[in-house]
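Okay, here's the structure, questions in a sec.
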Amino acid sequence: MSEPLITLEIEKLVAGGLGLARDDSGVVLVRGALPGERVTASLRSGKGVRQGLVQEILRASPDRVAAPDLPTADLAHASYAAQLGYKRAFVEEALSRIAKLRHEVGETVASPREWHYRNAAQYLITPSGLAYRERRGREPQVFADDPLVMSQITELVGKLSPELLDPATEVALRASDLTGEVVAALIGAGEPRQFLRASDHLMDAGVVGVSLAQPAGRRFSAGVRLIAGEAGIREQFGDVQVSISATGFAQVNPPAATLAYRRAAELAGKGDHAVDLYGGAGAIGRHLAKNFRRVTVLDSDADSLARGRQDVAQSGESNVSYRLGDAARFSELGTDVIVVDPPRAGLEDEARDHLHDSTADRLVYVSCDPATWARDVGDLTRRGWRLGEVTPHDFYPQTSHVEILSVLER
């Protein structure tokens, strides 16, 4: 049975890059539409708010541009200037609707690159070639060229044969702008010896190291083992060099992250002690080191902390230390300034309590999710914190994702 078609007027974009429209039955969220457009959309059955997909554009927005049909680029059909405006609007909407605050939001800081900016990618391995993970209910999309990833990854992918990567089901790649190198991780069930042919194929294609990750519900949570070559490579993030791998977390757009990290250091100011919560390997915290007598990076991931310790040992930074611990329990760390860059879920209730009870009078909050950021900011302002600068940053051009850099004081 075919999905029903409906004609809609798109009012605005909402989080997720979906166009919001209304009819007699209520709200419809439409993928692939832009504000001001009149479209025909197919509706998908299901619970909750109705969702649709553009089938025909009856009146196009002046911001619409030709774009590749990619599951990884949900805003590529909008001009880049329009994308930046939409992302600012997402942050403004979250502040007013969730935090209940009327507050100025700065213009979105553009990424230095609009395309070919990603230093990381993860693809399905299919008989027809490497493929994107598709949205629910759709077949994986095999591609010839991924316009979001750096050229080093594009060139490498062109040398790979899917049959020689068997028995892996996926491959993750990470490239470095600094060195030009690429490392890989094969994802599949089994022992490393079962993946030697696939590893050799990747090494022959030009990667400098191959690891094996077991399939898991949470990304790379089942353990990673090195098969050949190097486990990591070096990359430049602003003023510091960090070690990155195919499986560890690191921002995928280093030039864009550089702009945010340097501004975060400016907002943090100067003092005796700064704490970088959810700090990972300390890319943000290390930017604060020149203006504080000491910096403590706190994270619950031992591998990230180990990489950070290795990085500062190589760079000779003596005032940055790393501590394993839960970000919700740090109140014993007397500090002037706290920097937080939490996962998408934002700050835990207990973390906000400890943050409020800390000795810090300034909080630099970096977020990848406007909704949870606005929830946390609303809670902190009700406790007496004052919201200062709020600036969206575009780490992910052609997508609806937006990063937020903000500061609160008391």
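The backbone N, Cα and C atoms fix where each Cβ goes, glycine too.
Grabbed the feature section from TrEMBL, which reads as follows:
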type     : residues                       : note
BINDING  : Gln251, Tyr278, Asp299, Asp341 : S-adenosyl-L-methionine binding site
ACT_SITE : Cys368                         : active site, nucleophile
ACT_SITE : Cys368                         : active site
How big is the Cα-to-Cα gap, in Å, between Gln251 (S-adenosyl-L-methionine binding site) and Cys368 (active site, nucleophile)?
11
Around the S-adenosyl-L-methionine site formed by Gln251, Tyr278, Asp299, Asp341, list the extra residues of the same chain whose Cβ is within 8 Å of the site's Cβ centroid.
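Output for this site, in sequence order: Phe249, Asp276, Gly279, Gly280, Ala283, Ile284, Pro342, Pro343, Val366.
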Please find, for Gln251, Tyr278, Asp299, Asp341 as listed binding S-adenosyl-L-methionine, the greatest distance between any two Cα atoms, in Å.
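Greatest Cα separation within the listed binding residues comes to 16 Å.
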